[in-house]
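Read through the structure below, which is laid out as structure tokens, and then see the notes.
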Amino acid sequence: MKVSVVITLAVLGVMFVWASAAELEERGSDQRDSPAWLKSMERIFQSEERECRKMFGGCSVDSDCCAHLGCKPTLKYCAWDGTFGK
């Protein structure tokens, strides 16, 4: 009985190490590919929708702020206007 438990635990240990190694190998290939992927996604990060001129202050009207931000009149800074979506 003890021998079968030891053998079972040894097999489970070997399977765990094998699965972990396979996962690390797969994750490693993702990390090698990610810089190229990020460069191809560059146009998304530089879209017009994300360009904010007055994100942290200096606004005078709501149109100075980014989407979903509104100009707070007391301190003249952009803050969330409470809306969702595009």
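Cβ atoms are placed via backbone N, Cα and C, with glycine included.
According to Swiss-Prot, the protein carries these features:
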type     : residues    : note
DISULFID : Cys52-Cys66 : disulfide bond
DISULFID : Cys59-Cys71 : disulfide bond
DISULFID : Cys65-Cys78 : disulfide bond
MOD_RES  : Phe84       : phenylalanine amide
SIGNAL   : 1-21        : signal peptide
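Distribution of Swiss-Prot features across the structure.
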residue : record              : CB count, 10 Å
Cys59   : disulfide bond      : 23
Cys65   : disulfide bond      : 22
Cys66   : disulfide bond      : 16
Cys71   : disulfide bond      : 20
Cys78   : disulfide bond      : 22
Phe84   : phenylalanine amide : 5
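In this structure the alpha carbons, written CA, of Cys78 (disulfide bond) and Cys59 (disulfide bond) are 7 Å apart. For the residue listed as 'phenylalanine amide', the nearest neighbour among the listed disulfide-bonded residues (Cys59, Cys65, Cys66, Cys71), judged by C-alpha distance, is Cys66.
Cα-Cα distance from Cys66 (disulfide bond) to Cys59 (disulfide bond): 10 Å (rounded to the nearest whole number).
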